[in-house]
């Protein structure tokens, strides 16, 4: 009997180590090695950033409330951070993966991110946040599934398909950095990739020898298609020839379900659609991601083309590509599409209660921030991009770490809540000092000449209005105060504004940035610091034990000594191992 007890104790402990949780929230673990490989997505050999040798990287697939551990080993020749746009990192900005909250991972070092997907579902991605590296890869999809007890507001699809799309240059990120550092714009991209591959040869303008994406499907089946634009600066129109896209979700919120023939996906955005394979199989069908709001004749090469292949298809796709239904020469017509996106107020989200049960439209606004972007300008002889006349310079010590160790003068809490036209553009480490549990509105005013995407870490905000012109207080009467969708990345058209509402219930330091990589690199960002003055450990987590130190705290950083075969263990895993040892010792004592 004692031997049997010992055996079951061993099995139980073994299961604990390998992630089978009998109590609490489960976890999933990933080991990511980021390194350079040579690839030719547009027919030209170039250096790209792979994750575990893959471009794009592996999918992170988890479920609401799961704990996610990602051990990142940096095999690049420069510092690295990974960030997780849209993952809210509740109480835990230490894991956000941007310079304001994390010290970079040096070459040949590793760092383990450890975060919980608290009360979230939906479609997201991960990507590098430093040194323009996203322009060379290092990205992949991040999927958060519903728990079994929370129903989805549509029939379970027959399968899932992920499309990672984005504009692409045949120069790597270091060459593109040099162009921006020299004071020049990047110019037109060399193409668009779909899942890391170039265009199908749909006409003679496409060179021979380019590998394209082919998606195999079965007739009559319905698939959930997740689309992520991880590109540099180009808004893309996504469409599948002769197939309707039924919009169901964006960045963690189920939407009112609407059919589209094509859909604009802006830089940094993620969407889910249901697509039914209801066409005849006389031929394959084109999958297209093409540049928007540009001269399409000049930008013809900036088009990604893949193939949708029915299992009973009788021939290849041929003929011209399907065109977008929206007139790109009239941006106000295109704006009607995002205006039509509404929250499904009767659907459950991450919890069983309806998404619309939080009545944001009935809460008084405590503060308004108008964040204005302009075309890049020269500051101290260098090309820079600004918000409210400030081009952000990251402090040498991450801000929350500086707070924790009482480092003075690292940053300033004086970011203006509206443009200061009387002041010249300047460089600064100025951030927003926001009030915990406040309810703010942020107006993104885009006075640049290009469409932009704005993102706020740590939060989902309600997109209540967008329009052309200059925002003013009297526009509040046009807000959608009932079923606005909540998301983390929103488009702002040139010469236009977008208004969002945010409930400040997540303590930490959170990045506010433009997702267009060229503008972000040039300084178009800031941070929002939200501190609970009565902090007692319940609203913000302590720094992790593996926190890295840099800047004024560099002397606190210990050297890493590890072999490539050694996997980093998280605190949770160490606790499980300790528990296993205790169980084994106890059982062994009884056995003896």
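Including glycine, each Cβ sits where the backbone N, Cα and C put it.
Features as listed in Swiss-Prot:
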type	residues	note
SIGNAL	1-23	signal peptide
CARBOHYD	61	N-linked glycosylation site
CARBOHYD	110	N-linked glycosylation site
CARBOHYD	172	N-linked glycosylation site
CARBOHYD	203	N-linked glycosylation site
CARBOHYD	259	N-linked glycosylation site
CARBOHYD	280	N-linked glycosylation site
CARBOHYD	295	N-linked glycosylation site
CARBOHYD	344	N-linked glycosylation site
CARBOHYD	433	N-linked glycosylation site
CARBOHYD	447	N-linked glycosylation site
BINDING	455	Cu cation binding site
CARBOHYD	476	N-linked glycosylation site
CARBOHYD	536	N-linked glycosylation site
LIPID	564	GPI-anchor amidated serine
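Recorded features from Swiss-Prot, shown on the structure.
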residue	record	DSSP (3 states)
61	N-linked glycosylation site	strand
110	N-linked glycosylation site	strand
172	N-linked glycosylation site	coil
203	N-linked glycosylation site	coil
259	N-linked glycosylation site	strand
280	N-linked glycosylation site	coil
295	N-linked glycosylation site	coil
433	N-linked glycosylation site	strand
455	Cu cation binding site	strand
476	N-linked glycosylation site	helix
Q: Can you grab the distance from residue 259 (N-linked glycosylation site) over to residue 295 (N-linked glycosylation site)? Cα atoms, rounded to a whole Å.
A: 27
Q) Just how many other Cβ atoms lie inside 10 Å of the Cβ on residue 110 (N-linked glycosylation site)? A) 21
(Q) Quick check on the glycosylation sites 280, 536: which one has the highest count of other Cβ atoms within 10 Å of its Cβ? (A) 280
**Q.** Among 259, 344, 433, 447, which are glycosylation sites, the residue with the most C-beta atoms within 10 angstroms of its C-beta
**A.** 344
**Q.** Inter-residue C-alpha distance, residue 536 (N-linked glycosylation site) and residue 476 (N-linked glycosylation site) (nearest angstrom)
**A.** 37
**Q.** Residue among glycosylation sites 172, 203, 344, 433, 476 with Cα closest to the Cα of residue 455 (Cu cation binding site)
**A.** 433
**Q.** Those residues of the chain, 6+ apart, with a Cβ under 8 Å from that of residue 203 (N-linked glycosylation site)
**A.** 320
Q.
Is it possible to get the count of other C-beta atoms within 10 angstroms of the C-beta of residue 295 (N-linked glycosylation site)?
A. 11
Q. Restricting the comparison to the glycosylation sites 61, 295, 344, 447, which residue's C-alpha is spatially nearest the C-alpha of residue 110 (N-linked glycosylation site)?
A. 61
Q: Express the distance between the Cα positions of residue 172 (N-linked glycosylation site) and residue 61 (N-linked glycosylation site) as a whole number of Å.
A: 29
Q.
Is it possible to get the count of other C-beta atoms within 10 angstroms of the C-beta of residue 61 (N-linked glycosylation site)?
A. 14
Q: Quick one: give me the count of other CB atoms within 10 A of the CB of residue 172 (N-linked glycosylation site).
A: 18
(Q) I'm trying to understand the geometry here, so how far is the Cα atom of residue 344 (N-linked glycosylation site) from the Cα atom of residue 476 (N-linked glycosylation site), in Å to the nearest whole number? (A) 22
(Q) Let me make sure I understand the structure: which of the recorded positions listed (455, 476) has the fewest other Cβ atoms within 10 A of its Cβ? (A) 476
